């Protein structure tokens, strides 16, 4: 129990206590003393009576059903059942086999020292429950085997540094005190217990005055789970542990219970209740997370995820402020941008070439005024600064997280922790069992000598997985190509419209609808690719959970990354590059002309695609799905039970705690949670030059995401088994890879997608007065309309009210009156050289600055390294004193023994010894 520090929680306590009081029963055995540390569930075969089947329900408790179940053996002995059919006999044999495995497994658990209690007559018909309790001796034994670090009696003072940075940190902590949750862990403690791996021989080192609370519920459940994984049932044909029993269906589920107790004093709350109030509530969205309590309840692995998510969200605050500043700078300077002013100047009657064949006609450049002004909001000199800033921001974020991770390792006693080899997965053991059965079956049917087992299965499986991954990536490319054809055909169709408003908004309509189509496809393929990645990983049958998780992460990341960023990469680097020129355009399927960028460049279109994809994924996939799917499942449960919401709540109040947790969703791992944040990190860093508001939208999303995940873990998921971990694993390497790629991507976006480099080249090489006046005319080439290919000239050539002989298009090419008409000009090569030079310089300078940041900031905070060193010295002193005490005791015993021996051989003492013996004999 955790003492309440906030009076507001006391005011809300009656509601919490009313809710938890309904789940009080089920946390202990029937004696009310032994705590339920783990629960196994299995299917109980229902009675064959048609009436019992008709009235039984998953959500009801029928007294008649229970009485039939109890009286079934007597009824069978009185009157035999009719002869069952072949299918029923097979099903009965299968159920008997499962029951045999369960009985043997549970007997082995009792031999391991665990205590079990069954319940088949609860309010959940068809489901039986095995409650497991680990007594003290089992907890001690397994804690020693697992090398669990536990706090000793020895405490030492944690001295605070007197440096300037420490004083600044103290001041900041006082200022941000209202942002901290109202829990006891936030109080700065000057003392810390020395921790040491638990040992039964050294129990005197630990404070065992309260054995019930020495091992908390998280530790107890992880110990029991370790025993369950290690225990086998061997009397059946194959050795099977709990993972195999779950995979074969002998057990339906295995889970620890949520620690919701209500029998404590009013001034105390359990960890569960405190997390519900101070973490899983939207009213505390502005506060820091109680990471220490999350770790105490869910374990280090989940605690590290939420700690990382908190650090990432905090680091988004400065990035958001700078991004907003860059956007506001573009808004303020848009009226002073000379190229935009030249495009919008109606006095400059520049006639542009048609955007498509036949149905599109000539148009004036000033009609692109809105697009040019909007492009300046994101394509301005501040964008380059922001790209450099975000690259350094990513380096600071990685270093800050490493330091935070080391601090948590010290606070959570994870220093020196090394992960051990995991137990085989259920699917792996089950597949091995199936293969063994097939081999035996073949051996019995085929007695021909020389027949062997076909090899190469593993190699073929890996080849099939690789081929399937390439096929799924090809599907993404095909869909992107389909969207390109949609844009081309829709643009031509809208230009044929008789509505002038429609024709004037062709570009905006096509851009927006194509981006929405891309978003819908991305959302659908995300779900498909998640299932495909899991299916492909299951085909490989990895041996351990760690191997399965790493392979699944790799496949899921590749597929979802390609799915999310392929449309964006196309717009950024390929659209408008493979177009050709008037009179010699590049066609797809000999009829679809490749699309061009707007005169302001493709950066505006890139911004639209990126913003719609990012916001759509966050609002629909990350938030709406996480809120809506649990509500939908609850609604389906109401419909199936044919009860109102009130009746359902009344039923849930009568359930035992282990029955309530059975209906919660099983924990599916942290991979989906990490994955959506990694994809978001890609949106924030990879193309941030085109969308400086991305960090702001990511920050707003994460503030909601943290509370959504918290509510999901506390109220909608079964309690996960606490897993130890000292880092976030492979995700850190993925983050570093994305951060490195982001530097290169932003360099190419600034250089090739935006007009930053062409403007610099014009200003310093071709401008007559060193200004940007004349830049627009400099970027436009000339085309003689008589050089159109047959069948491609506009159907309405005089739509502007006059005959057009020369039109302009954006490119660096020689004019038609040049000796080399329409060939690329020297300006093209000058701009290309400058672009390539910028990419090389930008990439190397920014990566060098990132490496300098990495080198300057140490991975381990100085105070933490000092405290770790101090702990080692104190532990050595503790053991030295213990050894000296043992030697002193041995010396005393030796001296006493020598004195006794000398007194026994002394002649003066012999009569007294005889008389003493004689007196004792009387």
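Think of each number as a place in line: the chain as shown, counted from 1.
Backbone N, Cα and C atoms are what each Cβ position is placed from, and that goes for glycine too.
Since we're looking at a predicted model, the values are computed, not measured.
As stated in TrEMBL, the feature transmembrane segment covers range 305-329 out of the listed 180-204, 205-229, 305-329, 330-354. Taking TrEMBL as the reference, the stretch among 605-628, 629-652, 653-676, 677-700 described by the feature transmembrane segment is residues 677-700. Of the candidate ranges 408-432, 433-457, 508-532, TrEMBL annotates residues 508-532 with the feature transmembrane segment. It is 382-398, from the ranges 365-381, 382-398, 535-551, 586-602, that TrEMBL records as transmembrane segment. Taking TrEMBL as the reference, the stretch among 129-148, 149-168, 469-488, 709-728 described by the feature transmembrane segment is residues 469-488. Predicted-model confidence for the domain 'Anoctamin dimerisation' (28-291) is 75, expressed as mean pLDDT. Within the same chain, residues 356, 510, 514, 517-518, 521, 525, 529, 532, 536, 555, 558-559, 562-563, 566-567, 570, 588, 592-595 sit at least 6 positions outside the transmembrane segment (469-488) and bring their C-beta atoms closer than 8 Å to a C-beta of that stretch.
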